[in-house]
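Asker: Supplied in structure tokens, the structure appears directly below.
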Amino acid sequence: MTTNYIFVTGGVVSSLGKGIAAASLAAILEARGLNVTIMKLDPYINVDPGTMSPIQHGEVFVTEDGAETDLDLGHYERFIRTKMSRRNNFTTGRIYSDVLRKERRGDYLGATVQVIPHITNAIKERVLEGGEGHDVVLVEIGGTVGDIESLPFLEAIRQMAVEIGREHTLFMHLTLVPYMAASGEVKTKPTQHSVKELLSIGIQPDILICRSDRAVPANERAKIALFCNVPEKAVISLKDVDSIYKIPGLLKSQGLDDYICKRFSLDCPEANLSEWEQVIFEEANPVSEVTIGMVGKYIELPDAYKSVIEALKHGGLKNRVSVNIKLIDSQDVETRGVEILKGLDAILVPGGFGYRGVEGMITTARFARENNIPYLGICLGMQVALIDYARHVANMENANSTEFVPDCKYPVVALITEWRDENGNVEVRSEKSDLGGTMRLGAQQCQLVDDSLVRQLYDAPTIVERHRHRYEVNNMLLKQIEDAGLRVAGRSGDDQLVEIIEVPNHPWFVACQFHPEFTSTPRDGHPLFAGFVKAASEFQKRQAK
């Protein structure tokens, strides 16, 4: 089987939506029965985004095998059935790290190590490795054409097109086609210059995706085709839409998938997008609306919580409920009090690191618990719920996490000192260990307690969810908290770690150490988020009586 590659680049400006466009195209090709995957090549020097600020970079998406990756991989998994892995995302930093390690070992036999061929060869090897076993691989190059950082990646894919053959490679370029209100027309010149930039490094785009706030007229698309040396049917208009799940249908309506299948000589049936049509229908026709407050530390950049926001929307789809998400800075809870939490139908506290804003999160968990407001805590959101319960119910005054107060009297959350690495080897770690790549990461098994709420929601005795944390519930102090009424609803597969807690005699209070948002999709949803949104709707109805 020959693997076909579609290389996706962007020009003119950043944040054009390459990831969404690539994922949408992959969804159409998958609907035609093809085995599809997507890769993201990031040009920054960090080895991975694990230690980057969420406010700068956005969310870190965790794959099943424990890779800390770009948030675009979350889009990929929400659009196609293929699960991402560490093979689907790598950075300049990772490539250089690998090449330098080989140089130190003497693998290059004394050669002068250079960008070409050593760096470009390493990039090509990883792309080919990631594409094994698939009919079509979409490879998204991060950044914008013209950036100095992305040049090695662009050179590598140029070489791949020559080596693999143009019959099995395609270049798809996204550009901005701005609308000028003064003249009442769209402008194609930025696109022409962007293509010129690509041509200067030896890449002729085969497909142009024209991003605009409105449909690009046929005459303007013809003009772009003429000046950019691209077939007119390969110039695609991608206007702004009110739902990203409409994009597969928008691309299909312009024959993009037919053009690609013909170019690759792929004989496959027409795409059936009925599942996406159902998602769009549910999204457009809710029967009610709820307001859910998300109290976090990084709310100034919503992309820091991208998967959580999408998972809440998916939970709404499963209940035919429109979810209005109110982003609340946890530090505002500290300074302004719980007044800003009133009027919400449910409260979610997501993950995070560091002490800033944590007391506001603890106050939030207490407010939800004492006022019977549905509460979902994720990662840090579980830890603050535990701290609240320890302080205010179990009489453990000033209980805290050793992450925030190392010498606190009641360290109910503490660092796990023994970890297993990606090869299953036990490693001993401490507060002085490296921050990067030293967490409990990836899919882990969790055993659910029979009479728990989560057991009903999942309808399964054992589940697998993804983790990203280095602190856990301190088992040494757990009995005192359980004696005060807190229920442990889920434990790790080896029964050593607390994974889920619930507050009995509360309508809906669930907190988990894992990240359920990473496995939620628009077509399937997720049991926790579906149950959470349903609880918010029921709470709203009770309040209205």
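Using the three backbone atoms N, Cα and C, a Cβ is placed for every residue, glycine included.
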Asker: Do you know which of Lys40, Lys223, Lys233 Swiss-Prot groups with Ser14, Asp147, Ile148, Glu149, Lys187, Thr188, Lys189, Pro190, Thr191, Gln192 in the CTP site?
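Answerer: When Swiss-Prot describes the CTP site, the candidate it includes is Lys223.
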Asker: Among Asp72, Asp98, Asp303, which is the one Swiss-Prot gives for the ATP site where Ser15, Leu16, Gly17, Lys18, Gly19, Ile20, Lys239, Asp240, Val241 also bind?
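Answerer: Site partner of Ser15, Leu16, Gly17, Lys18, Gly19, Ile20, Lys239, Asp240, Val241 for ATP, according to Swiss-Prot: Asp72.
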Asker: Starting from the L-glutamine binding annotation in Swiss-Prot that includes Gly352, Leu380, Gly381, Met382, Gln383, Glu403, which of Arg466, Arg470, Arg487 is the extra site residue?
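Answerer: As annotated by Swiss-Prot, Gly352, Leu380, Gly381, Met382, Gln383, Glu403 share the L-glutamine site with Arg470, chosen from Arg466, Arg470, Arg487.
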Asker: Excluding near sequence neighbours, so keeping only residues 6 or more apart in the same chain, what lies with its CB under 8 A of Glu403 (L-glutamine binding site)?
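Answerer: Once residues fewer than 6 apart are set aside, Glu403 (L-glutamine binding site) is near Phe353, Gly354, Tyr355, Val413, Leu415, Tyr471.
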Asker: Measure the Cβ-based neighbour count of Arg470 (L-glutamine binding site), defined as the other Cβ atoms within 10 Å of its Cβ.
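Answerer: For Arg470 (L-glutamine binding site), the count of other Cβ atoms within 10 Å is 19.
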Asker: Can you give me the Cα-Cα distance between His515 (active site) and Cys379 (active site, nucleophile) in Å, rounded to a whole number?
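Answerer: Distance between the two Cα atoms comes out at 7 Å.
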Asker: Could you tell me the mean pLDDT over the region 'Amidoligase domain' (1-266), as a whole number?
Answerer: 95
Asker: So of Cys379, Leu380, Met382, which of the recorded positions has the fewest other Cβ atoms within 10 Å around its own Cβ?
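Answerer: Selected from the recorded positions Cys379, Leu380, Met382 on minimum Cβ neighbours within 10 Å: Cys379.
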